[in-house]
Protein chains: 2
Amino acid sequence: MREREVLRFLAQRVPNAGDDCAVIPLGRTHLVLTTDMLWRQADLPEGVTAYTIGWRAVAVSFSDVAAMGAKPLGVVLALGAPGFERDFLDQLLQGVLDCCQSVGAPYLGGDLSQHEELTLVSSALGEAKDPVRRSGAKPGELVCVTGQLGRTAAALRLFEQKEYEQANRLFRFVPRAAEGLALAPYATSMIDISDGLARSLYQLGESSRAGFRVRYRDLPVLSETEELAQSERELREMALFTGEDFELLFTLSPSLLREAENAAPFTVIGEVIKEGVWLEDGEKTVHLEDRGYEH
Amino acid sequence: MREREVLRFLAQRVPNAGDDCAVIPLGRTHLVLTTDMLWRQADLPEGVTAYTIGWRAVAVSFSDVAAMGAKPLGVVLALGAPGFERDFLDQLLQGVLDCCQSVGAPYLGGDLSQHEELTLVSSALGEAKDPVRRSGAKPGELVCVTGQLGRTAAALRLFEQKEYEQANRLFRFVPRAAEGLALAPYATSMIDISDGLARSLYQLGESSRAGFRVRYRDLPVLSETEELAQSERELREMALFTGEDFELLFTLSPSLLREAENAAPFTVIGEVIKEGVWLEDGEKTVHLEDRGYEH
(Lines of atoms letter the chains of each structure in order from A and count residues from 1; the text may use other names and numbers.)
(Lines give C-alpha, C1' and ligand atoms only; values in the text may rest on other atoms or scores of the structure.)
Protein backbone atom coordinates (compact mmCIF):
# COMPACT_ATOMS: atom_id res chain seq x y z
CA MET A 1 0.00 0.00 0.00
CA ARG A 2 1.16 3.57 -0.55
CA GLU A 3 1.40 5.95 2.37
CA ARG A 4 -1.87 7.68 1.64
CA GLU A 5 -3.81 4.43 1.29
CA VAL A 6 -2.31 3.14 4.52
CA LEU A 7 -3.26 6.31 6.36
CA ARG A 8 -6.82 5.93 5.09
CA PHE A 9 -6.84 2.29 6.19
CA LEU A 10 -5.54 3.22 9.63
CA ALA A 11 -7.94 6.14 9.94
CA GLN A 12 -10.89 3.76 9.70
CA ARG A 13 -9.75 2.25 12.98
CA VAL A 14 -9.31 5.51 14.87
CA PRO A 15 -12.39 7.36 16.11
CA ASN A 16 -11.39 10.98 15.47
CA ALA A 17 -8.69 10.72 12.84
CA GLY A 18 -8.34 13.40 10.20
CA ASP A 19 -7.22 16.40 12.24
CA ASP A 20 -3.68 17.62 12.88
CA CYS A 21 -3.90 16.32 16.46
CA ALA A 22 -5.96 13.80 18.36
CA VAL A 23 -8.51 15.49 20.63
CA ILE A 24 -9.12 14.27 24.19
CA PRO A 25 -11.91 15.84 26.26
CA LEU A 26 -10.85 16.58 29.85
CA GLY A 27 -13.23 18.30 32.22
CA ARG A 28 -14.37 21.54 30.57
CA THR A 29 -11.50 21.68 28.12
CA HIS A 30 -9.77 19.55 25.49
CA LEU A 31 -6.26 18.24 25.20
CA VAL A 32 -4.65 17.80 21.80
CA LEU A 33 -1.80 15.37 21.16
CA THR A 34 0.29 14.75 18.04
CA THR A 35 3.34 12.70 17.11
CA ASP A 36 5.77 13.15 14.19
CA MET A 37 8.69 11.08 12.99
CA LEU A 38 11.80 12.45 11.23
CA TRP A 39 14.56 10.35 9.65
CA ARG A 40 18.02 11.39 8.59
CA GLN A 41 17.66 10.00 5.05
CA ALA A 42 14.14 11.06 4.18
CA ASP A 43 13.74 14.33 6.01
CA LEU A 44 17.17 15.79 6.73
CA PRO A 45 19.28 16.97 3.79
CA GLU A 46 23.08 17.03 3.72
CA GLY A 47 24.37 20.15 5.45
CA VAL A 48 21.67 20.39 8.10
CA THR A 49 23.13 21.19 11.52
CA ALA A 50 22.41 19.40 14.81
CA TYR A 51 20.86 22.62 16.08
CA THR A 52 18.49 22.80 13.11
CA ILE A 53 17.61 19.09 13.46
CA GLY A 54 16.61 19.60 17.09
CA TRP A 55 14.66 22.74 16.29
CA ARG A 56 12.77 21.22 13.40
CA ALA A 57 12.03 17.93 15.18
CA VAL A 58 9.88 19.69 17.75
CA ALA A 59 8.70 22.51 15.44
CA VAL A 60 6.71 20.08 13.25
CA SER A 61 4.72 18.89 16.28
CA PHE A 62 4.14 22.37 17.66
CA SER A 63 2.85 23.30 14.21
CA ASP A 64 0.18 20.58 14.51
CA VAL A 65 -0.82 21.93 17.93
CA ALA A 66 -1.05 25.44 16.44
CA ALA A 67 -3.30 24.14 13.65
CA MET A 68 -5.84 23.07 16.28
CA GLY A 69 -5.88 26.59 17.71
CA ALA A 70 -4.45 25.13 20.91
CA LYS A 71 -2.04 26.47 23.51
CA PRO A 72 1.15 24.35 23.49
CA LEU A 73 1.81 22.69 26.87
CA GLY A 74 5.07 20.94 26.08
CA VAL A 75 6.84 18.34 23.98
CA VAL A 76 8.72 15.06 24.48
CA LEU A 77 11.35 13.73 22.08
CA ALA A 78 12.43 10.16 21.38
CA LEU A 79 15.88 10.08 19.83
CA GLY A 80 17.61 7.20 18.11
CA ALA A 81 21.19 7.95 17.09
CA PRO A 82 24.18 5.91 15.91
CA GLY A 83 26.37 7.38 18.64
CA PHE A 84 26.01 9.90 21.39
CA GLU A 85 28.63 12.58 20.85
CA ARG A 86 28.38 15.27 23.42
CA ASP A 87 28.71 18.21 21.01
CA PHE A 88 26.10 16.86 18.64
CA LEU A 89 23.63 16.16 21.45
CA ASP A 90 24.33 19.49 23.08
CA GLN A 91 23.58 21.43 19.89
CA LEU A 92 20.57 19.29 19.05
CA LEU A 93 19.14 19.86 22.50
CA GLN A 94 19.84 23.59 22.24
CA GLY A 95 17.76 23.64 19.04
CA VAL A 96 14.96 21.80 20.83
CA LEU A 97 15.06 24.22 23.77
CA ASP A 98 15.17 27.34 21.59
CA CYS A 99 12.23 26.18 19.50
CA CYS A 100 10.30 25.41 22.70
CA GLN A 101 11.09 28.93 23.89
CA SER A 102 9.84 30.39 20.59
CA VAL A 103 6.38 28.96 21.34
CA GLY A 104 6.55 29.44 25.13
CA ALA A 105 6.21 25.76 26.05
CA PRO A 106 8.62 23.52 27.97
CA TYR A 107 10.71 20.63 26.69
CA LEU A 108 9.61 17.74 28.89
CA GLY A 109 12.28 15.12 28.26
CA GLY A 110 12.22 11.97 26.22
CA ASP A 111 13.65 8.57 25.39
CA LEU A 112 16.98 7.66 23.89
CA SER A 113 18.29 4.61 22.09
CA GLN A 114 21.20 3.65 19.93
CA HIS A 115 20.40 3.15 16.27
CA GLU A 116 22.11 3.15 12.91
CA GLU A 117 20.12 5.97 11.37
CA LEU A 118 19.32 9.20 13.15
CA THR A 119 15.63 9.12 14.04
CA LEU A 120 13.61 11.70 15.95
CA VAL A 121 10.03 11.41 17.11
CA SER A 122 8.46 14.38 18.83
CA SER A 123 5.09 14.33 20.56
CA ALA A 124 3.52 17.64 21.49
CA LEU A 125 0.64 18.32 23.83
CA GLY A 126 -1.72 21.28 23.78
CA GLU A 127 -4.93 22.54 25.29
CA ALA A 128 -7.93 24.25 23.71
CA LYS A 129 -11.43 24.92 25.01
CA ASP A 130 -12.71 24.61 21.44
CA PRO A 131 -10.16 22.95 19.15
CA VAL A 132 -10.40 24.07 15.52
CA ARG A 133 -11.07 21.06 13.28
CA ARG A 134 -10.52 20.58 9.59
CA SER A 135 -14.22 20.06 9.05
CA GLY A 136 -15.89 23.47 9.49
CA ALA A 137 -15.32 25.26 6.15
CA LYS A 138 -18.52 26.46 4.44
CA PRO A 139 -19.10 27.83 0.91
CA GLY A 140 -18.94 31.63 0.89
CA GLU A 141 -16.17 31.81 3.49
CA LEU A 142 -12.67 33.08 2.79
CA VAL A 143 -9.61 30.84 2.68
CA CYS A 144 -6.46 32.36 4.15
CA VAL A 145 -2.86 31.55 4.91
CA THR A 146 -0.35 32.86 7.47
CA GLY A 147 3.19 33.88 6.50
CA GLN A 148 4.65 32.92 3.15
CA LEU A 149 4.76 29.87 0.92
CA GLY A 150 7.76 28.05 -0.51
CA ARG A 151 10.00 28.24 2.54
CA THR A 152 11.09 24.60 2.73
CA ALA A 153 11.32 24.43 -1.08
CA ALA A 154 13.79 27.32 -0.96
CA ALA A 155 15.71 25.74 1.91
CA LEU A 156 16.05 22.43 0.05
CA ARG A 157 17.35 24.23 -3.03
CA LEU A 158 19.89 26.08 -0.90
CA PHE A 159 21.02 22.82 0.71
CA GLU A 160 21.63 21.45 -2.80
CA GLN A 161 23.66 24.54 -3.61
CA LYS A 162 25.62 24.05 -0.36
CA GLU A 163 24.51 27.46 0.89
CA TYR A 164 24.22 25.86 4.28
CA GLU A 165 23.89 28.89 6.50
CA GLN A 166 20.90 30.40 4.72
CA ALA A 167 19.45 26.91 4.13
CA ASN A 168 19.56 26.08 7.83
CA ARG A 169 18.01 29.42 8.73
CA LEU A 170 15.04 28.85 6.39
CA PHE A 171 14.71 25.23 7.54
CA ARG A 172 14.17 26.41 11.12
CA PHE A 173 10.65 27.70 10.73
CA VAL A 174 8.95 29.21 13.77
CA PRO A 175 5.75 27.27 14.51
CA ARG A 176 2.67 29.49 14.20
CA ALA A 177 1.69 28.96 17.84
CA ALA A 178 0.72 32.56 18.61
CA GLU A 179 -1.14 32.90 15.30
CA GLY A 180 -3.00 29.62 15.82
CA LEU A 181 -4.21 30.75 19.23
CA ALA A 182 -5.10 34.26 18.04
CA LEU A 183 -7.02 32.99 14.99
CA ALA A 184 -8.84 30.14 16.76
CA PRO A 185 -11.90 32.25 17.70
CA TYR A 186 -12.42 33.17 14.02
CA ALA A 187 -11.30 30.11 12.06
CA THR A 188 -14.04 27.67 10.98
CA SER A 189 -11.44 25.13 9.85
CA MET A 190 -7.65 24.98 10.03
CA ILE A 191 -4.70 22.80 8.99
CA ASP A 192 -0.94 23.30 8.82
CA ILE A 193 0.59 23.01 5.37
CA SER A 194 2.79 19.97 5.74
CA ASP A 195 2.30 18.39 2.30
CA GLY A 196 2.05 21.47 0.09
CA LEU A 197 -0.74 24.03 -0.36
CA ALA A 198 -2.55 21.92 -2.98
CA ARG A 199 -2.66 18.77 -0.84
CA SER A 200 -3.67 20.77 2.24
CA LEU A 201 -6.58 22.37 0.34
CA TYR A 202 -7.75 18.89 -0.63
CA GLN A 203 -7.44 17.66 2.95
CA LEU A 204 -9.43 20.62 4.29
CA GLY A 205 -11.97 20.14 1.48
CA GLU A 206 -12.39 16.41 2.18
CA SER A 207 -12.99 16.97 5.89
CA SER A 208 -15.35 19.92 5.30
CA ARG A 209 -17.07 18.41 2.24
CA ALA A 210 -16.37 21.63 0.40
CA GLY A 211 -14.09 22.98 -2.34
CA PHE A 212 -11.88 26.03 -2.92
CA ARG A 213 -11.14 28.66 -5.53
CA VAL A 214 -7.71 30.17 -4.98
CA ARG A 215 -6.09 33.09 -6.87
CA TYR A 216 -2.49 32.42 -7.87
CA ARG A 217 -1.63 36.15 -7.93
CA ASP A 218 -2.68 36.48 -4.28
CA LEU A 219 -0.44 33.68 -2.96
CA PRO A 220 2.19 35.14 -0.65
CA VAL A 221 5.44 33.60 -1.89
CA LEU A 222 8.71 33.99 -0.01
CA SER A 223 11.15 36.34 -1.81
CA GLU A 224 13.98 33.76 -1.50
CA THR A 225 11.78 31.23 -3.27
CA GLU A 226 11.06 33.67 -6.11
CA GLU A 227 14.78 34.34 -6.50
CA LEU A 228 15.78 30.68 -6.43
CA ALA A 229 13.18 29.39 -8.88
CA GLN A 230 14.70 29.06 -12.32
CA SER A 231 11.44 29.34 -14.17
CA GLU A 232 7.86 30.41 -13.63
CA ARG A 233 6.87 26.77 -13.83
CA GLU A 234 9.31 25.82 -11.09
CA LEU A 235 8.13 28.67 -8.89
CA ARG A 236 4.60 27.31 -9.09
CA GLU A 237 5.84 23.86 -8.17
CA MET A 238 7.64 25.27 -5.13
CA ALA A 239 4.70 27.39 -3.96
CA LEU A 240 1.90 24.92 -4.59
CA PHE A 241 3.24 21.40 -4.28
CA THR A 242 6.64 21.07 -2.57
CA GLY A 243 5.09 21.19 0.83
CA GLU A 244 6.35 21.47 4.37
CA ASP A 245 5.65 25.18 4.57
CA PHE A 246 4.16 24.77 8.04
CA GLU A 247 2.00 27.83 7.58
CA LEU A 248 -1.59 27.75 8.80
CA LEU A 249 -4.28 27.39 6.15
CA PHE A 250 -7.71 28.33 7.48
CA THR A 251 -11.18 29.53 6.60
CA LEU A 252 -13.31 32.28 8.12
CA SER A 253 -16.54 34.17 7.56
CA PRO A 254 -16.05 37.41 5.55
CA SER A 255 -17.93 39.28 8.30
CA LEU A 256 -15.10 38.50 10.76
CA LEU A 257 -12.26 39.42 8.42
CA ARG A 258 -11.49 42.81 9.94
CA GLU A 259 -11.51 41.46 13.50
CA ALA A 260 -9.32 38.49 12.57
CA GLU A 261 -6.84 40.77 10.81
CA ASN A 262 -6.42 42.64 14.06
CA ALA A 263 -5.66 39.37 15.85
CA ALA A 264 -2.85 38.13 13.58
CA PRO A 265 -1.35 38.83 10.14
CA PHE A 266 -2.42 36.61 7.22
CA THR A 267 -3.33 36.73 3.53
CA VAL A 268 -6.72 35.99 1.95
CA ILE A 269 -6.01 33.72 -1.02
CA GLY A 270 -9.50 32.73 -2.19
CA GLU A 271 -12.95 31.46 -1.30
CA VAL A 272 -14.64 28.31 -0.13
CA ILE A 273 -16.95 26.88 -2.80
CA LYS A 274 -19.18 23.82 -3.01
CA GLU A 275 -16.71 21.41 -4.56
CA GLY A 276 -13.46 20.97 -6.44
CA VAL A 277 -10.19 22.81 -5.97
CA TRP A 278 -9.58 25.50 -8.60
CA LEU A 279 -6.76 27.90 -9.30
CA GLU A 280 -7.43 31.28 -10.93
CA ASP A 281 -4.28 31.73 -12.92
CA GLY A 282 -4.24 34.96 -14.94
CA GLU A 283 -7.28 34.74 -17.23
CA LYS A 284 -7.68 30.99 -16.87
CA THR A 285 -9.21 29.02 -14.07
CA VAL A 286 -7.62 25.57 -13.88
CA HIS A 287 -8.23 22.48 -11.82
CA LEU A 288 -5.54 22.24 -9.16
CA GLU A 289 -3.92 18.82 -9.09
CA ASP A 290 -4.24 16.73 -5.94
CA ARG A 291 -0.62 15.91 -5.39
CA GLY A 292 2.00 16.94 -2.91
CA TYR A 293 4.93 15.93 -0.90
CA GLU A 294 4.89 12.32 0.29
CA HIS A 295 7.17 11.68 3.22
CA MET B 1 29.02 8.54 26.02
CA ARG B 2 27.11 5.49 27.20
CA GLU B 3 23.34 5.57 27.42
CA ARG B 4 23.23 6.19 31.14
CA GLU B 5 25.74 9.04 30.99
CA VAL B 6 23.84 10.61 28.13
CA LEU B 7 20.57 10.38 30.04
CA ARG B 8 22.22 12.09 33.00
CA PHE B 9 23.60 14.77 30.69
CA LEU B 10 20.20 15.33 29.11
CA ALA B 11 18.46 15.32 32.48
CA GLN B 12 20.47 18.36 33.57
CA ARG B 13 18.71 20.30 30.84
CA VAL B 14 15.18 19.20 31.68
CA PRO B 15 13.45 20.71 34.70
CA ASN B 16 11.58 17.70 36.09
CA ALA B 17 13.44 14.74 34.64
CA GLY B 18 13.80 11.57 36.65
CA ASP B 19 10.24 10.28 36.76
CA ASP B 20 8.56 7.75 34.49
CA CYS B 21 6.60 10.58 32.84
CA ALA B 22 6.92 14.32 32.49
CA VAL B 23 4.41 16.14 34.70
CA ILE B 24 2.46 19.15 33.41
CA PRO B 25 0.22 21.10 35.80
CA LEU B 26 -3.17 21.98 34.27
CA GLY B 27 -5.79 23.75 36.35
CA ARG B 28 -6.35 21.71 39.49
CA THR B 29 -4.87 18.53 38.09
CA HIS B 30 -1.72 17.24 36.39
CA LEU B 31 -1.11 15.68 33.02
CA VAL B 32 1.62 13.09 32.58
CA LEU B 33 3.27 12.39 29.24
CA THR B 34 5.83 9.75 28.22
CA THR B 35 7.45 8.54 25.01
CA ASP B 36 9.15 5.20 24.28
CA MET B 37 11.01 3.92 21.25
CA LEU B 38 11.18 0.29 20.11
CA TRP B 39 13.36 -1.08 17.30
CA ARG B 40 13.14 -4.39 15.50
CA GLN B 41 16.79 -5.28 16.13
CA ALA B 42 17.26 -4.20 19.71
CA ASP B 43 13.87 -4.82 21.25
CA LEU B 44 11.99 -7.36 19.15
CA PRO B 45 13.29 -10.93 19.05
CA GLU B 46 12.85 -13.34 16.15
CA GLY B 47 9.42 -14.95 16.30
CA VAL B 48 7.54 -12.01 17.72
CA THR B 49 4.20 -11.50 15.95
CA ALA B 50 2.85 -8.25 14.53
CA TYR B 51 0.05 -8.44 17.10
CA THR B 52 2.54 -8.70 19.97
CA ILE B 53 4.66 -5.87 18.53
CA GLY B 54 1.64 -3.55 18.45
CA TRP B 55 0.55 -4.59 21.93
CA ARG B 56 3.97 -4.14 23.48
CA ALA B 57 4.70 -0.84 21.72
CA VAL B 58 1.86 0.88 23.55
CA ALA B 59 2.08 -1.25 26.72
CA VAL B 60 5.51 0.16 27.61
CA SER B 61 4.13 3.71 27.59
CA PHE B 62 0.97 2.84 29.50
CA SER B 63 3.27 1.21 32.08
CA ASP B 64 5.01 4.57 32.59
CA VAL B 65 1.64 6.28 33.05
CA ALA B 66 0.66 3.61 35.59
CA ALA B 67 3.91 4.21 37.49
CA MET B 68 2.83 7.82 38.08
CA GLY B 69 -0.44 6.60 39.59
CA ALA B 70 -2.21 8.30 36.69
CA LYS B 71 -5.35 7.47 34.75
CA PRO B 72 -4.41 6.70 31.13
CA LEU B 73 -6.11 9.09 28.66
CA GLY B 74 -4.81 7.66 25.41
CA VAL B 75 -1.79 6.91 23.25
CA VAL B 76 -0.39 7.89 19.85
CA LEU B 77 1.99 5.74 17.82
CA ALA B 78 4.60 6.72 15.25
CA LEU B 79 5.45 3.81 13.00
CA GLY B 80 8.35 3.45 10.61
CA ALA B 81 8.24 0.27 8.54
CA PRO B 82 10.05 -1.05 5.47
CA GLY B 83 6.75 -1.73 3.72
CA PHE B 84 3.11 -1.43 4.51
CA GLU B 85 1.58 -4.87 4.10
CA ARG B 86 -2.05 -4.88 4.98
CA ASP B 87 -2.01 -8.07 7.06
CA PHE B 88 0.97 -6.98 9.08
CA LEU B 89 -0.49 -3.54 9.76
CA ASP B 90 -3.89 -4.98 10.54
CA GLN B 91 -2.50 -7.36 13.15
CA LEU B 92 -0.18 -4.75 14.61
CA LEU B 93 -3.06 -2.31 14.96
CA GLN B 94 -5.22 -5.03 16.54
CA GLY B 95 -2.51 -5.51 19.16
CA VAL B 96 -2.44 -1.77 19.80
CA LEU B 97 -6.23 -1.61 20.13
CA ASP B 98 -6.45 -4.65 22.41
CA CYS B 99 -3.75 -3.32 24.71
CA CYS B 100 -5.56 0.04 24.82
CA GLN B 101 -8.73 -1.81 25.75
CA SER B 102 -6.90 -3.65 28.53
CA VAL B 103 -6.21 -0.31 30.22
CA GLY B 104 -9.47 1.37 29.18
CA ALA B 105 -7.88 4.17 27.14
CA PRO B 106 -8.29 5.02 23.45
CA TYR B 107 -5.77 4.69 20.65
CA LEU B 108 -5.59 8.21 19.24
CA GLY B 109 -3.79 7.74 15.93
CA GLY B 110 -0.26 8.47 14.89
CA ASP B 111 2.30 9.06 12.19
CA LEU B 112 3.63 6.72 9.57
CA SER B 113 6.74 6.67 7.43
CA GLN B 114 8.68 4.25 5.30
CA HIS B 115 11.92 3.04 6.79
CA GLU B 116 14.33 0.16 6.49
CA GLU B 117 14.05 -1.06 10.06
CA LEU B 118 10.79 -1.44 11.88
CA THR B 119 10.57 1.36 14.46
CA LEU B 120 7.74 2.16 16.83
CA VAL B 121 7.43 5.16 19.11
CA SER B 122 4.45 5.37 21.42
CA SER B 123 3.55 8.43 23.49
CA ALA B 124 0.97 7.99 26.23
CA LEU B 125 -0.92 10.65 28.11
CA GLY B 126 -2.43 10.37 31.58
CA GLU B 127 -3.99 12.45 34.31
CA ALA B 128 -3.44 12.47 38.07
CA LYS B 129 -4.44 14.95 40.77
CA ASP B 130 -1.31 13.97 42.71
CA PRO B 131 1.18 12.12 40.52
CA VAL B 132 3.36 9.64 42.42
CA ARG B 133 7.03 10.54 41.99
CA ARG B 134 10.15 8.48 42.44
CA SER B 135 11.34 10.77 45.19
CA GLY B 136 9.11 10.09 48.21
CA ALA B 137 10.53 6.90 49.79
CA LYS B 138 11.52 7.24 53.47
CA PRO B 139 13.49 4.91 55.76
CA GLY B 140 11.18 2.63 57.70
CA GLU B 141 8.70 2.25 54.85
CA LEU B 142 8.03 -1.02 53.04
CA VAL B 143 9.14 -1.68 49.46
CA CYS B 144 6.68 -3.69 47.38
CA VAL B 145 6.14 -5.03 43.89
CA THR B 146 3.05 -5.93 41.86
CA GLY B 147 2.76 -9.21 39.97
CA GLN B 148 5.77 -11.40 39.35
CA LEU B 149 9.36 -10.93 38.29
CA GLY B 150 11.25 -12.53 35.39
CA ARG B 151 8.47 -12.35 32.82
CA THR B 152 10.42 -10.83 29.93
CA ALA B 153 13.48 -12.95 30.82
CA ALA B 154 11.31 -16.05 30.43
CA ALA B 155 9.82 -14.76 27.19
CA LEU B 156 13.26 -14.10 25.70
CA ARG B 157 14.40 -17.61 26.63
CA LEU B 158 11.29 -19.07 24.99
CA PHE B 159 11.91 -17.03 21.83
CA GLU B 160 15.42 -18.52 21.70
CA GLN B 161 13.91 -21.99 22.05
CA LYS B 162 11.44 -21.14 19.25
CA GLU B 163 8.51 -21.72 21.60
CA TYR B 164 6.87 -18.80 19.89
CA GLU B 165 3.31 -19.11 21.13
CA GLN B 166 4.15 -19.10 24.83
CA ALA B 167 6.90 -16.54 24.25
CA ASN B 168 4.52 -14.11 22.57
CA ARG B 169 1.96 -14.58 25.32
CA LEU B 170 4.49 -13.70 28.03
CA PHE B 171 5.84 -10.81 25.97
CA ARG B 172 2.40 -9.20 25.92
CA PHE B 173 2.33 -7.97 29.50
CA VAL B 174 -0.77 -6.14 30.69
CA PRO B 175 0.24 -2.66 31.89
CA ARG B 176 -0.50 -2.21 35.60
CA ALA B 177 -2.91 0.67 34.96
CA ALA B 178 -5.59 -0.37 37.44
CA GLU B 179 -3.00 -1.23 40.10
CA GLY B 180 -1.18 2.09 39.60
CA LEU B 181 -4.40 4.03 40.11
CA ALA B 182 -5.49 1.94 43.08
CA LEU B 183 -2.11 2.19 44.82
CA ALA B 184 -1.52 5.89 44.14
CA PRO B 185 -3.18 7.08 47.39
CA TYR B 186 -0.82 4.87 49.44
CA ALA B 187 2.46 4.87 47.49
CA THR B 188 5.12 7.36 48.63
CA SER B 189 7.26 6.60 45.55
CA MET B 190 6.75 4.45 42.47
CA ILE B 191 8.54 3.30 39.29
CA ASP B 192 7.92 0.61 36.70
CA ILE B 193 10.60 -2.04 36.42
CA SER B 194 11.91 -1.45 32.92
CA ASP B 195 15.63 -2.12 33.50
CA GLY B 196 15.50 -4.91 36.08
CA LEU B 197 14.60 -4.90 39.77
CA ALA B 198 18.16 -4.01 40.83
CA ARG B 199 18.44 -0.97 38.53
CA SER B 200 14.93 0.18 39.48
CA LEU B 201 15.79 0.02 43.19
CA TYR B 202 18.82 2.19 42.50
CA GLN B 203 16.73 4.66 40.48
CA LEU B 204 14.13 4.92 43.24
CA GLY B 205 16.92 5.22 45.82
CA GLU B 206 18.70 7.99 43.89
CA SER B 207 15.54 10.06 43.53
CA SER B 208 14.47 9.51 47.15
CA ARG B 209 18.00 9.76 48.63
CA ALA B 210 17.38 6.48 50.39
CA GLY B 211 18.40 2.83 50.21
CA PHE B 212 16.72 -0.58 50.32
CA ARG B 213 17.07 -3.96 51.99
CA VAL B 214 15.30 -6.64 49.97
CA ARG B 215 14.79 -10.32 50.89
CA TYR B 216 15.54 -12.69 48.03
CA ARG B 217 13.18 -15.38 49.41
CA ASP B 218 10.28 -12.95 49.28
CA LEU B 219 10.69 -12.02 45.62
CA PRO B 220 7.68 -13.20 43.64
CA VAL B 221 9.20 -15.00 40.66
CA LEU B 222 7.09 -16.23 37.75
CA SER B 223 6.78 -20.04 37.69
CA GLU B 224 7.76 -20.15 33.99
CA THR B 225 10.97 -18.31 34.85
CA GLU B 226 11.78 -20.82 37.61
CA GLU B 227 11.21 -23.70 35.22
CA LEU B 228 13.28 -22.18 32.41
CA ALA B 229 16.29 -21.18 34.49
CA GLN B 230 19.02 -23.80 34.21
CA SER B 231 20.69 -22.95 37.48
CA GLU B 232 20.03 -21.06 40.67
CA ARG B 233 22.51 -18.47 39.50
CA GLU B 234 20.67 -17.95 36.23
CA LEU B 235 17.35 -17.65 38.04
CA ARG B 236 18.77 -14.80 40.11
CA GLU B 237 20.01 -13.11 36.97
CA MET B 238 16.55 -13.37 35.39
CA ALA B 239 14.70 -12.13 38.48
CA LEU B 240 17.06 -9.33 39.50
CA PHE B 241 18.80 -7.98 36.43
CA THR B 242 17.24 -8.96 33.09
CA GLY B 243 14.73 -6.21 33.31
CA GLU B 244 11.63 -5.24 31.39
CA ASP B 245 9.30 -6.83 33.91
CA PHE B 246 7.00 -3.79 33.77
CA GLU B 247 5.74 -4.45 37.25
CA LEU B 248 5.28 -1.53 39.65
CA LEU B 249 7.89 -1.12 42.35
CA PHE B 250 6.70 1.20 45.12
CA THR B 251 7.06 2.17 48.75
CA LEU B 252 4.45 2.73 51.45
CA SER B 253 4.12 3.34 55.15
CA PRO B 254 3.64 0.08 57.18
CA SER B 255 0.59 1.68 58.80
CA LEU B 256 -1.19 1.72 55.43
CA LEU B 257 -0.28 -1.84 54.42
CA ARG B 258 -3.64 -3.41 55.23
CA GLU B 259 -5.59 -0.70 53.41
CA ALA B 260 -3.30 -0.84 50.36
CA GLU B 261 -3.63 -4.64 50.22
CA ASN B 262 -7.36 -4.21 49.91
CA ALA B 263 -6.86 -1.84 46.98
CA ALA B 264 -4.66 -4.09 44.81
CA PRO B 265 -2.59 -7.28 45.10
CA PHE B 266 1.18 -6.94 45.62
CA THR B 267 4.10 -8.45 47.53
CA VAL B 268 6.19 -6.80 50.25
CA ILE B 269 9.83 -7.55 49.36
CA GLY B 270 11.76 -5.49 51.91
CA GLU B 271 12.26 -2.14 53.62
CA VAL B 272 13.49 1.34 52.87
CA ILE B 273 16.74 2.11 54.70
CA LYS B 274 19.03 5.12 54.81
CA GLU B 275 21.42 4.14 52.05
CA GLY B 276 22.77 1.36 49.87
CA VAL B 277 20.88 -1.45 48.17
CA TRP B 278 21.23 -4.78 49.98
CA LEU B 279 19.95 -8.27 49.32
CA GLU B 280 19.24 -10.68 52.19
CA ASP B 281 20.15 -13.96 50.61
CA GLY B 282 19.77 -16.92 52.95
CA GLU B 283 22.04 -16.19 55.89
CA LYS B 284 24.12 -13.58 54.05
CA THR B 285 23.31 -9.99 53.30
CA VAL B 286 25.07 -8.90 50.11
CA HIS B 287 25.44 -5.65 48.28
CA LEU B 288 23.16 -5.71 45.21
CA GLU B 289 25.02 -4.73 42.06
CA ASP B 290 23.89 -1.62 40.22
CA ARG B 291 23.50 -3.07 36.77
CA GLY B 292 20.62 -3.91 34.55
CA TYR B 293 19.30 -4.04 31.06
CA GLU B 294 20.61 -1.34 28.76
CA HIS B 295 18.44 -0.80 25.69
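Note that Cβ sites are derived from N, Cα and C of the backbone, with glycine treated the same way.
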Per TrEMBL, A:Asp20, A:Thr34 bind Mg(2+) 4; matching candidate in A:Asp43, A:Asp64: A:Asp64
Three-class DSSP secondary structure - A:Thr35 (Mg(2+) 1 binding site): strand
Chain B neighbours, filtered from binding-site residues A:Thr34, A:Thr35, A:Asp36, A:Asp64, A:Gly110, A:Asp111, Cβ-Cβ distance under 8 Å: A:Thr34, A:Thr35, A:Asp36, A:Gly110, A:Asp111
Between A:Asp195 (Mg(2+) 5 binding site) and A:Gly110 (ATP binding site), the C-alpha gap once rounded to whole angstrom: 27
Proximal residue to A:Asp64 (Mg(2+) 3 binding site) among binding-site residues A:Thr34, A:Thr35, A:Asp36, A:Ser194 (C-alpha distance): A:Thr34
Listed in sequence order, residues with CB under 8 A of A:Asp111 (Mg(2+) 1 binding site) and six or more positions away: A:Val76, A:Ala78, A:Leu79
Lowest local Cβ density among A:Thr34, A:Thr35, A:Ser194, which the record lists as binding-site residues, within 10 Å: A:Ser194
Distance, A:Thr35 (Mg(2+) 1 binding site) to A:Gly110 (ATP binding site) (CA atoms, angstrom): 13
